[in-house]
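Below is one structure, written out as C-alpha cells, with a few remarks after it.
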C-alpha cells in the first residue's frame, strides 16, 4: 500500500510534514489532528487533503509526496506534487484589469511581451501556444510577479522570442486565474505599438534592475579575486 505524505511550506521556510496516510492517518506533533481530513480515491489515483476551521496561519503551499523505488540507482526516491497554494484573505478575488501583447522586432527575430496587470490573488498560470494550440516552451522567459498597486494587486509579464521564419505565425498568450481565463493573440501590430508607449516605464524598470544585479555580481566577484591575491 502506498503511503501518502502531506507537507506544509510557509513563505521563506522549509517544508514541514503535517501527516502521512496509508490505512490510518498519523499527524505530526504541532498540528491539530481533528482539523485535517485525508482520503484516497483508489480508482482515480487521487489523494485529497481537507483542512477544517481555516485560520490565517494556514496560508501556505501544500504538497503531497510518496516514496518510489528506482531500479537503476537501487534506491528510494520521494516524489512531490506541484503543490497547491492556499491564501487566507478578506480581500475578494479580482480578474486582471488590463492585459495586452507588445511587440518588438529585431534583425532576425521578433519578441512578444505579454503583460497582465492588477489581479488578485497572485496565483496565476501564464502559457504561450502556437496556431495549433500547442504549448510553446522554447525561448520563453517568465517574469517575476510584482505589486502593481498599494491595494495589493499584482502584475506579471512573460516574453516569447520567435525567429524570422516564424514571424508571420500567430501566437497566443493564455492566462488562467481563479477569477477568469483568457487568451490574447499576437495580431494587430498598430495596437501593440500604441500600447508599447504605455508600459515602457515598467519594462525599463525591470531591465535596469536586471542590469544592476549583473553589475553588482561582477563587482563582488572582482572583490573576491582581489582579496584572494592579497592574502595569498
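Even glycines carry a Cβ here, placed using N, Cα and C.
Check TrEMBL against the ranges 186-208, 209-231 and you find transmembrane segment recorded for 209-231.
Taken through DSSP, the domain 'Ig-like' (96-185) splits into 3 helix, 54 strand, 33 coil.
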